[in-house]
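Trainee: According to Swiss-Prot, the feature active site, nucleophile maps to S96. Taken from Swiss-Prot, the feature active site covers H121, and the record attributes it to sequence analysis.
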Amino acid sequence: MIPVVIEQTSRGEASYDIYSRLLKDRIIMLTGPVEDNMANSIIAQLLFLDAQDNTKDIYLYVNTPGGSVSAGLAIVDTMNFIKSDVQTIVMGMAASMGTVIASSGTKGKRFMLPNAEYMIHQPMGGTGGGTQQTDMAIAAEHLLKTRNNLEQILADNSGQPIEKVHVDAERDNWMSAQETLEYGFIDEIMANNQLK
């Protein structure tokens, strides 16, 4: 069930679902697994807010275990494409593809709540259902390219050498807010009274 907010306006009462009300304040909630439908919704909101006023920041709250690489990269590319600065605020967790999205916020405007967590690791993949050796080889090569691409993005976003990111992402690597700050994925640990 999605909560509804009722506001008094000059014309009487207006009711909004909570996400529409937050969107009026340029707040987007990226929660749950990253998949195509969710990514399309996030992208549409980013484009709408940028078209509405590209001089104002957009606030992207992130709480995700990660998910689809292609869906996540579509969000990242849109964040980089629009003119509005995108503040990212990690609450709960940003794991896997979520770290790529959250760390791609505008530098200087990437935040994390004190008890949130970050997790980087190498991408997972399969053979795409093919059982032929050539299909498996193609899938393995694609997975390596994907890993290199994601590690380059994480290196660029954190300021760490790609070799360090490669080693650190070999297995699930969980980080506290302080460790995430020291790594360079965020710019500040946000106190609860700083939230928009």
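Every residue, even glycine, has its Cβ placed from backbone N, Cα and C.
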Trainee: Can you count the other CB atoms that lie within 10 A of the CB of the residue listed as 'active site'?
Mentor: 18
Trainee: How many Å lie between the Cα of S96 (active site, nucleophile) and the Cα of H121 (active site)?
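Mentor: So the alpha carbons of S96 (active site, nucleophile) and H121 (active site) sit roughly 6 Å from each other.
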Trainee: Can you count the other CB atoms that lie within 10 A of the CB of S96 (active site, nucleophile)?
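Mentor: If we count other Cβ atoms within 10 Å of S96 (active site, nucleophile), we arrive at 25.
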